[in-house]
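In Swiss-Prot this protein carries:
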REGION    37-98  region 'Disordered'
COMPBIAS  79-93  compositional bias 'Polar residues'
DOMAIN    564-720  domain 'SF3 helicase'
BINDING   590, 591, 592, 593, 594, 595, 596, 597  ATP binding site
MOD_RES   1093  O-(5'-phospho-RNA)-tyrosine
ACT_SITE  1222  active site, for 3CLpro activity
ACT_SITE  1243  active site, for 3CLpro activity
ACT_SITE  1305  active site, for 3CLpro activity
DOMAIN    1591-1716  domain 'RdRp catalytic'
C-alpha cells in the first residue's frame, strides 16, 4: 500500500498549473486537470447540457472563524494558496492565480450570475463554486453549476462529474470512455492496490474517477459490488499525512481535498465538543472526520480562547480509538458508593434513633429463625417466602403479584426458547447436510456482518458483503469451513487495521496543518501543539509495536516522521521565545602578542570540560556555532563594518538571541553559551559618547592583560621574535587587572548624566589570577541564574458556571459562605477582576455564565438554592449548588494565601478563627506547634527558628518574621495562636502565610474546631465525577472511613470486648447416651479450612485421640508458638513428619460395597518411630525436620537406601554440596544419586552430584549469628572434639532457643550477612535442648580435574618471547600449511597480470614477497597484544538501550538445546575441529555415528559445561588461502584463520542457536542484517529504509576490525545474547568461555590474546554486529552529550543502522548528523579505524540522495527489474582468471585436472550476476570471457543471451526457481562460494 501512494502521485498539481509527466502542452487537457470546471462532455458529443434538478440542496455558509482569525468582510474564497482563515477584506470573489475577477458580487459577496463565465443561478445558494469559460477550444453552453449539500462531493465527484453521464448503470458506456470491464483489465488498475511500481496514467485515473462517480450515484454499478469508494481516498489521505506540507502539492486532487476539509471546518466549527465527538466516532466521511479533528485540535491549541476543556478533550481523544470510557464509569461507581456510604452514616442527622428503628423494621430475630428453618425444597421455598411476606406485611401483594409475574415469565421463556430452538435447529440442519456444508443461509451472513462490525467498527458495504458471501458459499466441507473462518478472521483484522491507519492519518493531517504561525501565534499555542503532537506520536509508536500492524509499519513510520517535524519546529519556536539566563562576558584587553589568546583558552578549559565555541564577527552567518558552555570571540571590535556593540548587548541579555544562519536546518538557532570570553587590542572598545556605551559596559567585565617580560623584550630587542621563556605554563607571566563596573578606561567610569565622560574617577583596579577570574565568572553566572520566584506561584482561579438568571443567587450564596467561614477568596460577578494580587490575597472566584470564555477550574452549578446562614454548616454550600468539588479544591478556594504577610496592626474582625492555642513556656512548645504549618521539606527552617528563639527569647516576633521569609508552608489550612511572655502571635498558613503580632494579651477563642469547616467531603453529582482525580476520590474515601471510625470506635471496642468475655465463659453442651464424653459437633461457632479439617481428622486417627475442634486449634496454636509441653512437642513432630511425607500420600477414590469414598493411601513403606530419649545427659543425637530454615531452596534431603531420612546437604554452587560425615556415611542417596568425589575434612563432607540446583548458598569462615531457623545463637566459636552418638566430632558448642529433633543434621548456621559458616551436627537432648553442636565450614578444593580435555596454555608453564610475542610452549609442533589451491586458468596464462587480485603470499620462496609464513603470522598477531579502552558508563547505558530496542522483535526466552549430539549436528561439518583433533568434523562422522576421539572430547566438554564452568578457549591458527589485491600481496598481508575447538562450538551452538536464529529471522526489523538474502526480495527492505526523508546516510567500513574489538564491548554483546536465553548452566558456560581471553596455537607455541575478537569465534557474525551497534551507539551518545545535548531517550529510536560485522550503513536525523565528525572521532578513540567503503583516506561524508548505497560489497540500486544488490564488476571478472584445484606452490601453472561441471556452473552464475549490470557490460566483457573459458578449459555450457540471463536471475531472485548453491552462498556474503572469491 505504501508503494501505491507514490504510484498515484503525479508530482504535479492542477491548481498551480503544472502538467503531469505523461501530458504535453499540445495534447487535450484531461478532465482531472481542468482548473475551474469540468469538461463539457455533453457538448463535445452533441448533447444538450442538462440542467440541475430543482431538488438540488441549498448550502448555508456559516462564519465559524475564531475571534483571533475573523475576516474583515465576507467573501467567497475559492482554490488558491490562501488559508481558509485568512479572508480578504474586499467583497469580490477571490480566485487562485493572477486572473482578474470576472463575476459580479451581489447580496453580500454571493455570486448570483456571471456572463463571462456563463454562470447561472443555482436555486439561491448561499455559497457556490464556479467554473470559467473553457480555454481548450471547446464550444457550447456550460452545464449549470450546482451547490453541493456535502463539501466532500467535490472530492468524490471531481471532474468526472460530467463524464459519468456517459456511463450506464451496468458499467457499460457509449464508447467515449472505457467501460468498467475494460477499466478492470488495465495493468495500472490491477496494480492499484498491490505492491508494484507501475504508475497509473492520468487518462486511466480520470476514467476510473468517472466510474467511481457513477458508482456513488447508482447502486447497481459494478464497482459497488467489488470495491469501496473509500479505498482510493484512503490511499490519498495516508499519502498526505506522510508527506511534508511543502510536498503535498504533488498529490492528485490535493487542492480539492483541502477545499473540502476547509468547507467542512466552516460548517462544524461552532459545534459543541459533544457534537464533534459524535462526528469523530460515527461519521463515515473521512473528510468530515479530518476537518473535525482539525477543529478539535485547533481549539485545544488555542486554549486561551476556547478554554482548557478543549485541550483536555483533545489530549484524551488522541489516546483513544473509539474506546469506551471505562475510567469515567469506575469514577461514577466509586462516587456513588461513597455517596451512599456517607448518606447512611455521616449525613444521617440522628444515628442513635435511626439504628433502633431500622432494627425494629428489619425484625432480625424472627428473620434469623426463618432462615435457620429454611429447607432447599419446593415446599421449603414456599414456606420461607410465605413467612417473609407475612413478616413484612406483604402477603396479599405476594399472592396477587408473584404468581402472575412467574407465570408470564414462564410463558415468555417457553415461547422464546421454542422459537430460538426451532430457528437454530433449521439453520444447523440446513448447514450441516449429509454431503457438505451450506453457509448460504442469510443467518450466517448476518453473523459475519455483526462480527465485522464488532471488529472493524463499521458495517460492511456491498463490496465487502460480496466477499463474505463468496467465502461462506465456498465452504462446502469441514476443511473448507475451517479455512473460511481463518480467511474471515484475517480479512476482518485487515479491515480494522486499515480503518485505524486512516484515523491516525486524519489526526496527523490536522496536526501538521495547525503547525502554522498564523494559527499558533503565541507561545501557549505552540506548547499545546507540541504536547498534542507528542501524544499522537506516542499513540502511533505504540501501534508500530503491534505485530498485526507490521504491513503498515512504513506508513506509521512516515506518520511519526511528520509528527517529529512538528515537534522539532515547536521546540525551535519555544527556544526563540523562552527567557534565558544572561551569560557572563569578560573582555581581555592588551597589546598584541602578550598571551591573551592562550589565557582565553586556558580560562575556557577551567570553566568547562567542553571545547569552546568560536564566533567570528567578520562573517555575517554563524552556522559553525556549536552552543558549548564557553564561547570565545577573537578581536570582536577589529572591524568597523560590524555593529559589535549591539551584538554584545543582544548576546549578554536575558532575551533570546537568534543567530543569522544560512543553512535551512540551522534557522532559528539561538545563542546559549554560559560564558563569553572576548579579546581586544583596544582599551576602550566602545567610546563613552556612544549611545550604547551604558548598555555595553554594564554587561561586561573588562580585564587588562599585561606581559612585562614581552614589553621589555620588544623594547630592548626591536625586530627580534619573542622567546618562549617570556611565557610560563602557570600564566605567572601575565598581570591581570579587573576594572570596576562600567569602567570604559582604567581611570574613568561612565558619567550617569552623560555630560562629561571624564568626570567620574574609576576605583583602583583589582589584581586577579585566572583561577580567581574563573571563580568570579562562575559566581556571577550563579547569581544570574537565581531569580526571585514567589512561593505561592500563580493565584488559583475558580469559576462557578450557571444560568444567567442564577448568577445573583449563586453570588449571594458564596458571599454568605465566605462570611460564615472567614474565607480569604475574592468574589466577582462575571469575568472582570477588581482585586489586585498583592501579598496575602486569596483565590479568585468568578460566578459566570455558560457563554463566558473562562480559563481556570470551572465547576458547573446543577442547582442553586440560597440557604440560610445556619444551614451553611458542613458541606451544605456544595449541596445547595450541586457542584462536584474535592476537599482540596475547597480548602484552596477558601483559604489560599499568596506569599507571606506580617501584620503589626490587629483588627479583630479580620482575624481567622483559631484551631490551636499554644502557651509558649519553652522553645520546644513553639517548635512543636509550628510543625503543623510546614511541609516535610520545610522542617529544617523550623529547627533554625527554634534555635534563634531559644537564644533570644525576647525577640520571638522578629525571629518569626525572618523565619517566614525562607520557610515552605503546607497546603493545608492551619491557624495557631501563640501566647508568649512578650505578646500574642496568630499564624495562619495555606500555601502562603499571614501573621498577626502584638505585644498585648489577646485571646481569640472559638473557631472551626467544633463546627467544622467547609470541607465536608466530595459530593458526586451525575457526570461531574469526570473532573475529580482518582487521588481525591481515594482521599475522600479514607477521610470518610476515618470519620465513621471516629464515631463508632468506642462502641466497637466495647462490643468486641464484651463478645470475647461472653464467649470465654460460654457453657459447654454435654452430650448424652452414646455420645457422652464427646464434644459437640454442631453449632460450635468454629470454621475450619479444608487443610485444617484434614489435619484434625488425620491427627485424631493416627494418635487415637478424641479431640474436639477447639482443642485441636488450641494445640496447633501452642505448637506454632513454640510451647515446650509434651503435647505441643509431639504435635510439632507429627506436623513436620506430615509435611515431609505429603507427597508420599495419594488421594484415591474407592468404590466398594460401602459405596464411593475418598481415602489417602500411603505410597511408601511406614517408617519406624525413633527413640525420644537417651539416658546419658551428654549424648548428642540427630534431629527431625522443621520448615522455614535459612537457604531452604539450596537444601536437599539425605536419605538412606530404604528411603529413611537421615539429614540434609547444602548446595554451594556448580553441583558441589556439603554435609556431615555421619549423615552421608553408608549407602546415602541425595536426589536419588550417590555422592561423587566425596571428600572428608573432619566431620565436614564435600561431594558432587550430577544434578545442579538453581539456587546455591554462600559460604564463609566467620562466626555464626543465627541458627537454621533464624533464631539468635550464642557461641564462643572455640573448636574441640565432642563425644556424640556418632563418634567424636570436631566442632564448636553454641546455645539457641530452637527445638531440634532427629534428621536436622546438616542444616546451616549463618552470620549477619546470611553466609553459611557451619552445619548443625547435634543437640543436648531433652535434658539440655538449647545446646547445639556446630561443625565449621572448611574450604575444600573441589575444582574439576580435566581427564579427557587437553589444554595447551597451562599456568605452570613459563612465558617465553617468540619473535616479539609473549607465548608459552605447547610441546606439540604445529606447522603452518604451505602452498595454495588457486591456479591461473588455462585461458589466462598470458594476461593474468591484468587481474587486480592474485593468490596471497606463499612465504619465503615467493618472489612477490619473500616474507616467511611465520613472519606473516606474527605480524597479524601484533595488534592482538593490546586491549582498546571504552567509556564503561556510556557503554552500559547503550547496552540497556539496545536490549530495550531488541525486545520489540526478539522473543524474551529461548530454550537451550539439552542434547549434545543434536547440538553437534547443528554445526557446519565442513569446518575444522580445532586444535585438539585434526581434520574436519565430517571426517570423524561415519554413517551418522561419531568416532571415539570426537565423542570423548565432546563428552568431556559437555560435562564441564553442564556445571556452568568455562571451557579452554583455544584456537588453531592458520593463514587464509584466498585472492588478495596485488598491493597487499606485495607487503605480505594475509588474513588469519581461527579454528575453534569443536567442543566449544557445540556448547555455544546449544546455548545461542535459537537466539541467533530469531535475530536473523527479524533482520528486516532490526539493525543486524545477518541472515539477509541479498539475491532475493529481502533486499527491498533495506532499500525502503534507506529512503527515509530528512535523514543522512553514511556508508562505513573498518580496517583491521577483528583486532580492534574492545573486550568490554564483546562481553556486553555476549550478555545481550544471554538476556534472551533461559540462563541455563550451558549458557553460563558458553558466556564464561567466550568472555575469556582466546588462545591461539601455532608452531608449537600458545599466544594469549589481550584484545580483539577471533574471526573463528562461534556466532562471530552476530557478536561482531552487536559490537558494531554498541560502539556506534556509544559514540553517538558521547558526541551528543559533549555537544551539550543530554541523551535521556533511547538513542536507537532516533536512528537506523545496517550492520553485518564490520560493514555498516547509518541512517541518522539532522541532530545526529551534525555531530557525525565527533562520532567518527570517538570511534577512533575506542580503537577502531573507520574508513570509506572505497578504502580511501578521504573524510566520511553522507551519501547524496541520488547516489546508491554500498553494503556488504553490494551496490543497492533500483533497476528496471526492481531493487537489486549488484556485486561489483571486479569480483565477477576475476572469477574467470583463477580456478581452485589441487594444492601447489606454482600458482601460475594451470591445474592438471579441472572439474568442468562445477567450473561451468560457476561461470554460468557469474554471467547471471553480470547481467544485472546492463547489456553493454554483459555483451562486451562477460561473453568473450565465457567463450574463451569454454575454449581453453574444455567446458560444456551454453552462453545465455542477455535477456535469457536476466530472466534466469529474476527467476532465482523471485523464488520461482531454486537458487544454485553458489548464488545461495553469495547472497549472504561477499562472493560466490568458498574463500576463493572473497575480497
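Positions of Cβ are set from backbone N, Cα and C atoms, glycine also.
Recorded features from Swiss-Prot, shown on the structure.
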residue	record	CB count, 10 Å
590	ATP binding site	24
591	ATP binding site	14
592	ATP binding site	10
593	ATP binding site	15
594	ATP binding site	25
595	ATP binding site	22
596	ATP binding site	25
1093	O-(5'-phospho-RNA)-tyrosine	13
1243	active site, for 3CLpro activity	26
1305	active site, for 3CLpro activity	27
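With DSSP classes pooled into helix, strand and coil, the tally for the domain 'RdRp catalytic' (1591-1716) is 58 helix, 27 strand, 41 coil.
Highlighted in sequence order, 681, 705, 707, 710 have their Cβ within 8 Å of the centre of the Cβ atoms of 590, 591, 592, 593, 594, 595, 596, 597, the residues recorded for ATP, and are not part of that set.
In this structure the C-alpha atoms belonging to residue 594 (ATP binding site) and residue 1222 (active site, for 3CLpro activity) are separated by 89 Å. When secondary structure is read from DSSP and collapsed to three states, residue 1243 (active site, for 3CLpro activity) falls in the coil class. A gap of 87 Å separates the Cα atoms of residue 592 (ATP binding site) and residue 1243 (active site, for 3CLpro activity).
Between the candidate recorded positions, 597, 1222, the densest Cβ environment within 10 Å is the one around 1222. Close to residue 1243 (active site, for 3CLpro activity), meaning Cα to Cα within 10 A, are none of the binding-site residues out of 593, 595, 597. On the 0 to 100 pLDDT scale, the domain 'RdRp catalytic' (1591-1716) averages 92 in this prediction. For the pair residue 1305 (active site, for 3CLpro activity) and residue 595 (ATP binding site), the C-alpha distance works out to 82 angstrom.
Residue 591 (ATP binding site) and residue 1093 (O-(5'-phospho-RNA)-tyrosine) have their C-alpha atoms 101 Å apart, to the nearest angstrom. Cα of residue 1222 (active site, for 3CLpro activity) to Cα of residue 1093 (O-(5'-phospho-RNA)-tyrosine): a distance of 39 Å. For the pair formed by residue 596 (ATP binding site) and residue 1093 (O-(5'-phospho-RNA)-tyrosine), distance between Cα atoms is given as 93 Å, rounded to the nearest Å. If you take the Cα of residue 593 (ATP binding site) and the Cα of residue 1093 (O-(5'-phospho-RNA)-tyrosine), they are about 100 angstrom apart, rounded to a whole number.
Between the C-alpha atoms of residue 590 (ATP binding site) and residue 1093 (O-(5'-phospho-RNA)-tyrosine), the distance comes to 99 Å.
Here the Cα atom of residue 595 (ATP binding site) is found 95 Å from that of residue 1093 (O-(5'-phospho-RNA)-tyrosine).
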